[in-house]
Amino acid sequence: MSFSACVLTLYPEMFPGALGLSLAGRALEAGTWSLEAIQIRDFATDRHRTVDDTPAGGGAGMVMRADVLAKAIDHASPEGDLRPRLLMSPRGKPLTQRRVRELAAGPGAVILCGRFEGVDQRVIDARGLEEVSIGDFILSGGEPAALVLLDAVVRLLPGVMGNAVSGEEESFENRLLEHPHYTRPQEFEGREIPVVLISGNHKKIAAWRRAESEALTRARRPDLLENGKTNND
Ligand code: SAH
């Protein structure tokens with residue numbers, strides 16, 4: 001069974017976008033995963049096909065209407081659909097490699113992309129949407145966030161990555177940032193490749209990489225090394 005993604009958006013033309021190229025694009029063509037982009041506006045009921053309205057209580061901007069979104073969600077994800085329903089949102093739980101791995105192991109995802117000031121709280125509650133953030137910054141819409149999430153998931157699907165091992169040794173998979181990489185030429189603008197890497201001594205190389213990983217993590221992301229719960233759990 002392949003991973004089935006459905007994106008609800010006011011800009012379906014943004015999909016598959018970058019995911020139509022490279023590894024993800026090839027996997028899409030091969031049927032390893034599927035992607036449907038649904039136009040939310042098709043579920044508006046009035047003459048002007050309105051999807052948003054002014055915020056109750058006043059304030060700037062517009063809010064996406066609960067009734068229109070509910071219709072779109074019910075069409076995309078009828079009762080019995082086992083796929084999680086996600087809402088891309090800066091208020092959501094920050095996306096982690098752990099959640100990405102869980103999603104990749106599941107049947108797919110239905111992903112709602114917000115626009116304007118966001119969406120009416122009642123549809124989040126009524127349809128049990130899981131809010132997911134891709135970081136502490138504000139995008140103009142959920143579409144780039146959905147592309148980021150799907151990119152991270154699709155590369156983990158069986159057969160997508162040429163070299164499966166490289167997927168397991170990466171940053172976050174073992175609570176460490178990855179060690180630095182080098183390749184030819186041997187000398188670049190006076191900078192040499194660290195000698196240990198050309199020693200051919202695999203034990204030493206592994207030890208060096210581990211030490212580099214730990215030093216880098218300590219300097220940049222000490223939170224990953226702290227005992228107990230991390231952002232990756
Ligand atoms: N007023 C909102 C921001 C709305 S940004 C607030 O302050 O929380 C418009 C839409 O972009 C959001 O509904 C969401 O779908 C998307 N978005 C913005 N930043 C995001 C982020 N960091 N992660 C995921 N989605 C984001």
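Note: Cβ is positioned from N, Cα and C throughout, glycine not excepted.
Mean pLDDT of the predicted structure over the domain 'tRNA methyltransferase TRMD/TRM10-type' (6-226): 96. What TrEMBL records for 6-226 is domain 'tRNA methyltransferase TRMD/TRM10-type'.
Annotated S-adenosyl-L-methionine binding site per TrEMBL: GLY114, ILE134, GLY135, ASP136, PHE137, ILE138, LEU139, in sequence order. In the three-state DSSP reading, ILE138 (S-adenosyl-L-methionine binding site) counts as coil.
GLY114 (S-adenosyl-L-methionine binding site) falls outside any helix or strand according to DSSP and counts as coil. Here ASP136 (S-adenosyl-L-methionine binding site) comes close to PRO90, PRO94: these same-chain residues lie at least six apart in sequence, with C-beta atoms under 8 angstroms from its C-beta.
Binding residues for S-adenosyl-L-methionine (GLY114, ILE134, GLY135, ASP136, PHE137, ILE138, LEU139) extend across at most 16 Å, taking the greatest CA-CA distance.
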